[in-house]
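Here is the structure we will look at, set down as C-alpha cells.
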Amino acid sequence: MAALSTARRVVIKIGSALLVDRTSSALRQEWLLSLAEDVARLKKQGKDVILVSSGSIALGRGALGLPRKDLPLEQSQAAAAVGQIRLARAYEEALAPHGITTAQVLVTLEDSENRRRYLNSRATLETLIGLGAVPIVNENDTIATDEIRYGDNDRLAAQVAVTVGADVLILLSDVDGFYSANPALDPDAKRFDRIEQITPEIEAMAGDGVSGLSKGGMITKLLAAKMATAAGCAMAISEGSVMSPVSALEAGAASTWFTAQGDPQVARKRWIAAMKTRGVITVDEGAAKALHNGNSLLPAGVRHVEGDFGRGDPLAILGPDGRKLGQGLSRYTAEEARALQGHRSDEIEAILGYAGRAALIHRDDMAL
C-alpha cells in the first residue's frame, strides 16, 4: 500500500469479468463509474494513470449474440472488432465528467519484441500522458492470434508498466490475491499478503483461474509479477469486483503485493547497458558535458556516425577522445543520423522532409 501512496505513475489492469456481467454480457456501468472516480482521484493527487483493459471480446460477444463458450479464432476476432468500439466509448463516457480525456491505444505483445515498435508505442504513451490524457490500452484482438488463444493481458499490462516506467501495477481481477493453492479446490489454501521474491516454490504454487470470461489465470499473473518487479515496479493482485476497487485496495482490502526489485529507471538503464551495440556515435566536448549533466543527445553535438543501424537499435556513445561515455537507443536510422549530425534540431524537418524528434538519443533511453 505504501508503494501506491508514493507512486508517481500507476498502471491498472481491468479483467473482462469485472467489466462485463457474466449472465447478460452487458457492461457493468455502475462499477465502471466507480472506477472512474478512483482514476480521477489518483489524477488529482498528481499521479499518471494508464489503464490496460480486457473486455472487447466479451462485449462484442454479447452484441453479436455469440455463446459464452470458447469461440473459434475468427469469431473471437469479429467479437473484438465490435467490442473495441463499445469499450472505448464506455471509458470515454465514464471519465469525461471528471474532465479527463481518454485515448485508445491498441497493441500486441509483438510491439514489445521489436525495438522500433517498442519506441513508437513508448513515445505515443509518453506524449499522451504528458498531455494529461489517460491511455486505455487494449490488446489488438482483431489481428492477434496467440494473445486471444492464451489470454495474456496480464503480461501485456506488465509490459506496458515496464514501457512507461511505472512505479505500481495493479491487476484488478476476480481473485483477491496469490494463494498457496487454488482456493476453489483447497480449503486450506492461504493467501499471501506480500511476496518479497518470486522463488521456485512460489512458482510451483501457481494454479489457474475459474472464471468463464477472463482467460488469464494465476500463472500469467505470476509471469506479469516477474516482469514488472524485475523492472522496479511493485505489483498488486486485488479482487476488483467491489465498487471503487482502487480505493478499497488503499483501504486495506485483501490483496497480494509483489515487492519491486529496485528502481524502474535504474532497471531500465541496466537493460540498455547490457545490450549489444549496433553502431557508434562520437560526440563533441559540449555534447559530452551535456550528457553528464543529464541531457539528451542532440544532433548538433554529433561529430561522427559509424555502423548500419535502425531506429531503436543500441549505439555506443564515444567522447571526442574516443573514450566510451555510455550507450543508448537511437531515434533515427544510420542514414538519417549521418544526415543530421552537426545540425540543429530546428533543421531536422528541412533535412529529412518530416518533423522528427529533437533528440538523436533521449536521456531516458541512455545509460552512461
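The backbone N, Cα and C atoms fix where each Cβ goes, glycine too.
The ATP binding site annotation in Swiss-Prot covers Lys13, Ser173, Asp174. If you look up Swiss-Prot, you'll see Ser54, Asp141, Asn153 marked as substrate binding site. Residues or ranges marked as domain 'PUA' by Swiss-Prot on the basis of sequence analysis: 278-355.
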Rounded inter-Cα distance in Å - Asp174 (ATP binding site), Asp141 (substrate binding site): 21
Pairwise Cα distance for Ser173 (ATP binding site)/Asp141 (substrate binding site) [Å, integer]: 20
Residue among binding-site residues Asp141, Asp174 with least C-beta crowding, 10 angstrom cut-off: Asp174
Tally of DSSP helical, extended and coil residues in the domain 'PUA' (278-355): 26 helix, 23 strand, 29 coil
Segment confidence, the domain 'PUA' (278-355), expressed as mean pLDDT: 95
ATP binding residues Lys13, Ser173, Asp174: largest Cα-Cα distance, in Å and rounded to whole number: 12
Asp174 (ATP binding site): secondary structure state under DSSP, collapsed to three categories: coil
